[in-house]
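Have a look at the structure below before the remarks.
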Amino acid sequence: MGNGVQPLDPVAIQIGSISVKWYGVIIASAVVIALLLALSEANKRKMDKEIIVDLLIWAIPISIISARIYYVIFEWDFYKNNLGEIVKIWHGGIAIYGALIGAVLTAVIFSRIKKISFWKLADVVAPSLIIAQAIGRWGNFMNQEAHGAETTRAFLEGLHLPEFIINQMYIDGAYYQPTFLYESLWNVLGFIVLLIIRRTKIRSGELFLSYVIWYSFGRFFIEGMRTDSLMWGDFRVSQVLSLLLIVLSIGLIIYRRVKMNPPYYMEDKLGKVAKKK
């Protein structure tokens, strides 16, 4: 690479012709950490830990598939002429919002089958989801993707970033905004916020909805900085969806408080569908 800057090797392990990329290692690590956190939270909420494990067994593959389908739909102009590329997710091209949609649908169906409260289940996994997203963005970093517009080395140095991040943002002869880092840090902060508000007098389901609001708010602004956004006409898909999710989540919080009177978060411990008070 020009300018004497070398990117980090995206391959973590090479055994003969088989290579394991850092992207996969980081995503797998994010899943494991999310599982451990969810199990810990389930224990505090008096929920059977096997429920969390069973949910993830279904949610992980479905989320990966839905994330890929979401991406392919909005990049169909490319994939319609390259059908073989659709299954090659190691080439990149999965969308977090697609994964979130798949995970929520899986949890809704799963909670009905297991006869437990969807909202309680969603609250338990909310902190895990946002920290997993924070970790997962470093997979994008290793692949030199999900970056922002072109910038200068001086600007990156002005952010007091470590040298390895600055060098990794040097792509095809230019430096780029590390939007992956902005989102990762936003999610870490969101994780801390969720841990704080779960100790307040929020209602069942509101921890998850707070996660959706927090993530969507940050994603709306960060998405505007990216150069690889999925587009719907003249609109960035993730920005449109972010606004819709913020409005929907706030609306659900208000509606459920007024019409359903859900139990307080820390009182909903039985793992069964919460009844109205």
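Heads up, the Cβ atoms here are built off N, Cα and C, so glycines get one too.
Annotation source Swiss-Prot lists transmembrane segment at 18-38, 51-71, 89-109, 116-136, 177-197, 205-225, 235-255, citing sequence analysis.
As a quick check, the transmembrane segment (18-38) and the transmembrane segment (177-197) miss the bar of 3 or more Cβ pairs under 8 A, pairs 6 or more apart, so the two do not touch.
Taking residue pairs at least 6 apart in sequence, the transmembrane segment (235-255) and the transmembrane segment (116-136) share fewer than three C-beta contacts under 8 angstroms. Counting Cβ pairs closer than 8 Å and at least 6 residues apart in sequence, the transmembrane segment (89-109) and the transmembrane segment (177-197) reach fewer than three and form no contact. Proximity of distant same-chain residues to the transmembrane segment (205-225), defined by a Cβ-Cβ separation under 8 Å and at least 6 residues beyond the stretch ends, is recorded for 96, 119-120, 122-123, 125-127, 129-130, 133, 148-149, 177, 179, 182-183, 186-187, 190, 193-194, 197-198, 236, 238-239, 241-243, 245-246, 249-250, 252-253, 256, 262, 265. If you look at the transmembrane segment (51-71), the same-chain residues 6 or more away from its ends with a CB under 8 A from one of its CBs are 31, 35, 38-39, 42, 86, 89, 93-103, 105-107, 110, 114, 116, 121, 124-125, 230, 271.
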